[in-house]
């Protein structure tokens, strides 16, 4: 493959999105559209990528900071198109930043689903000497530039929809907005562009007729999958591509043997907070019920079962673990781990730094954050464990909490092995509960407790016989 530079068109306003966010920063699978296209550039091992910005340029450029070479080795540059005078004008702004040799591929920043294999085939069709166009046949080509062919089926020109006559509008083969151009020819063709058309713009597509006039072969690489070249101009189109993308990811998982209760109700997304790409690694016999969302990098061990409507981010679920419905596991940057055979939920919440051992039970409305629970520990109802180290076989009662924050600093609670914590207890950190000990229900523990003992810290019960409740006073 010849040396490759890429221009990405990202100057459009996206008026139909009705959003303050620039169109190319709208998210698909948790990642901005433009990031998907930059990923395509990385897959082609591009030498240099030039992003043409316009509306929201500052935001777009900031959103791409640090992405140069992500998954590849390209040099990332930005140029601004002000004002926006058409696609040809946009490429004119970018060419000074290119090396001037090899092949230049032009991509659209709002076309996120083009496959790397498709782009490689397009580049090969151009071979550094021909002008290669990526085309597709559409049942309703309204709004797209038509591919006009001459005798023998050779491409003669592209005519934009607004400039097309009735015969040309009947053509169903359309230009996708993606092309591969011999770099040494590009500057000369751009210099000959005019804006003598219905839009009063400089069309990049006019270089096709110039190539024909100059005797440069024009190749059309026509694909059958229109979703690969579908752009985003409205929330409805974004939703359509989101579902197409998620269906493809679901299909790939099922090919690996994962049981999805309903592939139409499965989502895998990037994590914008940690920067982790959406990736799910599944062992054999994994089952995922409906409505689950996976964010960032998630590993599911052999026989793991995920109940309906769970949200799992940056976490590892070990073999045989069961996550019951409506559970939220969010490892964020610190990660979260659920051990083999553990039972989680329903309605449980594991936060960053939650590390659960084998056969741990975390029940409904229990929250665990930055805490380690050793094998066999249980917190089955309505409890909070934050900044805690919990030993083996601990039973942590309903309504109990670790008071880990003093208003300025976090402190740890240590609960040693075989401890029984009664219901509605408060463990005020820093504090250690000795091995085998018991804390009586309703206690507020502020000091370390000895191993094997019973610790009770609560007001003494007082019962008053024959006590009369206050009576309501008569009104008026």
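A Cβ is built for glycine as well, from the same backbone N, Cα and C atoms used for every other residue.
Per Swiss-Prot, the feature region 'Pyrophosphorylase' maps to 1-235; the stated evidence is sequence analysis.
In this structure, residue 86 (UDP-N-acetyl-alpha-D-glucosamine binding site) belongs to neither helix nor strand by DSSP; it is coil. The UDP-N-acetyl-alpha-D-glucosamine binding site annotation in Swiss-Prot covers 23, 81, 86, 87, 108, 109, 110, 145, 160, 233, 351, 369, 384, 395.
Annotation for residue 110 (UDP-N-acetyl-alpha-D-glucosamine binding site): spatial neighbours 10, 12, 14, 23, 24, 33, 34, 231, 232, 233, criterion Cβ-Cβ under 8 Å with sequence separation of six or more. Here Swiss-Prot flags 110, 233 as Mg(2+) binding site, drawing on sequence analysis.
Annotated region 'Linker' per Swiss-Prot: 236-256, in sequence order. Looking just at the region 'Linker' (236-256), the mean pLDDT is 97.
For 257-476, the entry in Swiss-Prot reads region 'N-acetyltransferase', with the evidence type sequence analysis.
A 10 Å cutoff on Cβ-Cβ distances gives residue 381 (active site, proton acceptor) a total of 15 other Cβ atoms nearby, all chains included. As annotated by Swiss-Prot, active site, proton acceptor applies to 381.
The Cβ of residue 404 (acetyl-CoA binding site) lies under 8 Å from the Cβ of 386, 387, 388, 410, 411, 412, 413, 429, each on the same chain and at least six residues away in sequence. DSSP assigns residue 404 (acetyl-CoA binding site) to coil, not to a helix or a strand. The acetyl-CoA binding site annotation in Swiss-Prot covers 398, 404, 405, 423, 441, 458.
Cβ packing within 10 Å was compared across the binding-site residues 86, 441, and the lowest neighbour count falls to 441. In the three-state DSSP classification, residue 108 (UDP-N-acetyl-alpha-D-glucosamine binding site) falls within a strand. Across the region 'Linker' (236-256), DSSP classifies residues as 20 helix, 0 strand, 1 coil. Packing against the region 'Linker' (236-256) from elsewhere in the chain are residues 17, 26, 28-29, 112-113, 227, 230, 263-264, 266-268, 278, 280, 282: each is 6 or more residues past its ends and has a CB under 8 Å from a CB in it.
Shown are the binding-site residues 384, 405; of these, the residue with the fewest other Cβ atoms within 10 Å is 405. Look at the binding-site residues 23, 351, 458 and count other Cβ atoms within 10 Å of each Cβ; 458 has the fewest.
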